[in-house]
Amino acid sequence: MDAHALLSAQGWRGTGHSLHKTDDSIGLAKPLLLNRKTNTKGLGNTKHFTSDLWWMDAFDEQLKGLDTSKEGKVEQTVTTGKLNALDPGRVSKYSIYASFVRGGFLQGTITPELTDDPTSTESDKSDDKKTTSSKATKSTKPKKESKEEKRARKEEKRRRKEARALRRAAKAERRLRRAEAKKDTSDSSSSTSEEQRLRRARKEEKRRRKELKEKKATGG
């Protein structure tokens, strides 16, 4: 793949010019300089490839901890090495809740009531029942009215009767007015119809007289 040929075919003017057709100030005239990676260090790694062989150190540490003093038996004396940290048993024992600090319990805001003796509670309940029953009987008994209260009650009753009578009289008066208004409208309508009939009769009489005069004038 020839990048120079492809860009030239698209209108590039060559090396030292930007991709713009006429103006080099628009765009980049110089190419970007990139460091080529020709080693096997890995991206972002500036150390030598063999400078930190941690796995070799871990295996050496484990090998140094092997005890072969007994014939036919090999014992591991190192239990806190780098490879022991990768033991699946130890990893499984770790829990996320181990990083939390345990605190105290939350105290409630409602304090429990103190329990008294059963005899005192029963006596209190019986007293409450007596008081409630006495209040109910007092409320059911009719209270005697005084003379002033009776007079006030009778006066209020009389006022209510008078107000009802006034409302009834006003209602009857409104009905009478409505009936009279309807009667007047009917009378006026009848009078107007009578006048219209008289006018029609007069016009008809005039028309007949005119026709008779015309017949006499023509000698008919």
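Cβ atoms are placed via backbone N, Cα and C, with glycine included.
TrEMBL annotations:
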- 108-220: region 'Disordered' (REGION)
- 122-131: compositional bias 'Basic and acidic residues' (COMPBIAS)
- 142-155: compositional bias 'Basic and acidic residues' (COMPBIAS)
- 156-169: compositional bias 'Basic residues' (COMPBIAS)
- 170-186: compositional bias 'Basic and acidic residues' (COMPBIAS)
- 194-204: compositional bias 'Basic and acidic residues' (COMPBIAS)
- 211-220: compositional bias 'Basic and acidic residues' (COMPBIAS)
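Counting residues of the compositional bias 'Basic and acidic residues' (170-186) by DSSP class, helix then strand then coil, yields 17 helix, 0 strand, 0 coil. Long-range contacts of the compositional bias 'Basic and acidic residues' (211-220) within its own chain (CB-CB distance under 8 A, at least 6 residues past either end) are absent; none are counted.
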